[in-house]
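Take a look at the structure set out below.
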Amino acid sequence: MKSKELSVDLRDRIVSRHKSGEGYRKISAALKVPMSTVASIICKWKKFETTRTLPRAGRPSKLSDWGRRALVREVSKLQRSSVERGEPSRRTTISAAIDQSGLYGRVARRKALLKSHFSPKNIAARLQFAKDHVDKPEGYWKNVLWTDETKIELFGLNEKRYVWRKENTAFQHKNLIPSVKHGGGSIMVWACCAASGPGRLAFIDGTMNSELYQRILKENVRTSVHELNLKRRWVMQQDNDPQHTSRSTKEWLKKNKVNVLEWPSQSPDLNPIEMLWKDLKRAVHVRKPTNIPELKLFCTEEWAKIPPSRCSEMSRSYRKRLVVVIGGHSRY
């Protein structure tokens, strides 16, 4: 239980006795204050030259002003709903009900919920991959070239935005957010990375097929391997998209002596490049591109800004991903 704070007068008396030469034990006995408290007050006085309570910075709030207002609105709705049903609506009652339900406030994780993701075959493949690789040394993951493709919208990051408005003004120009059909355009991007940093980034012009995919690999993989200083026995990771696993692509990989990491289907959470995609899309969104050429330029510039330490961190923690898969669902 939190103890009661001592009065300023009592704290001053403690310091005064200390100045007169009394020891901690004697001061404690005379003023009936725990010796640890006496020591703490004197230590504070020596450091700050005051016995007054200093301003407490406290932990920074995780809620923005908007978030706080939104929370108040939702709780107010809940209270009104309770009143309409004739049930208690006190704040403590609502808080207690939430606590008793076992719910805790956390950021929701986004995860693709595909039917095939939960098929016994895919679950078994993911588990086997994790078991086969969980004991690989950290040096093994440092020598993997991770690859992937993603789509980036011109007006991406579909976030909710709120406006303060009066009744019946929803369609006034100042209260509207411009929208563009199909997101105003998008681009497909291929990129790679390793523990030593981000590799090459390439734009996919047209429909991705085996021929185009092989051309991207030809123009970017070897160069990235050299720039990222991967060792001789490096391995390339790719998912199981049809253009990646076609007969002609397999022949190309074999001809060019590219060793491919065997990969379980429906496992984007096991590819650390997914974290870089999030970083990239967030950074590009902040710059607010207005057309496709700008979108491509910003993607190129922001990808180059990703620090090698970000990639190194993902490599060091890779074993944890596998441990989580063995224990259940991946949190990534």
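Cβ coordinates are placed from backbone N, Cα and C, and glycine is handled just like the others.
Automated prediction, rather than curation, is the source of TrEMBL annotations.
Quick look at what TrEMBL lists:
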DOMAIN    1-52  domain 'Sleeping Beauty transposase HTH'
DOMAIN    76-135  domain 'Transposase Tc1-like'
DOMAIN    144-295  domain 'Tc1-like transposase DDE'
Legend entry - Residues of the domain 'Sleeping Beauty transposase HTH' (1-52) by DSSP state, where helix covers H, G and I: 34 helix, 0 strand, 18 coil
Inset, instruction - Across the whole of the domain 'Sleeping Beauty transposase HTH' (1-52), what does the mean pLDDT come to? Round it, please. - result: 87
